[in-house]
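Now, the feature entries from TrEMBL:
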- 1-21: signal peptide (SIGNAL)
- 10-231: domain 'GH16' (DOMAIN)
- 115: active site, nucleophile (ACT_SITE)
- 119: active site, proton donor (ACT_SITE)
């Protein structure tokens, strides 16, 4: 009997891999370590909801309750760069709540703006957060905006501790990273499908009950308020909109010209194979005449 139990355990061990088997392979390069953290007040300012925002021990706390959410914005606009922050999300029931870190020029070009998003879509008890990446180019506010969403379930619990999330945007590509692991690369295939105008860096927490969780099925429930997000380890390195034309665009690989190493590309492929839950290019309901970058 003891032999049979040992044999069964051995089979289960090999069939059901340990938890760390679901962690991505090492990218072999850690761009966040190359950039010094920025003091929040030197690089950012409150944008809205000042009464729902405070700094403590180098971490910015913002929260959403029935009265308001909160947001912040970089002081300078950029035309390219690496932008990152370590973020800790609210646990429990967070349906309808969006916690975001993103680039945008919506205030400079209202109704016709560009945007590059990292958004955490709130969830219900027992279900994981969804990390949504998105790219808008000259989008409009009239319902005709074309999203380019790729969504992921993370390989860790983002409510337990801080993890680093970053966007690289340069003239050749946009790369999204989680703890220095690339999860998505959006190359510039044409000027019409790539953001080229200067953008600012934003962060926010707000109520998006109409669409955030399972297409609006579950709404924000304020009996669980406040919904709190913490940001720290702010990093921004790149070319401001006022920099000379000789300013060198940022990279997240050892290559000055940009792109990813073979090891970084393998890590990204692994994440997309094991943790991606939606890719707009694979959505048969979408009109891909509007997203030519999906063609090849």
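Quick reminder: no glycine exception, Cβ is built from N, Cα and C everywhere.
Around the Cβ of residue 119 (active site, proton donor), a 10 Å sphere holds 19 further Cβ atoms from the protein chains shown. Every protein chain considered, the tally of other Cβ atoms within 10 Å of the Cβ of residue 115 (active site, nucleophile) stands at 19. Averaged across the domain 'GH16' (10-231), pLDDT in this predicted model comes to 92.
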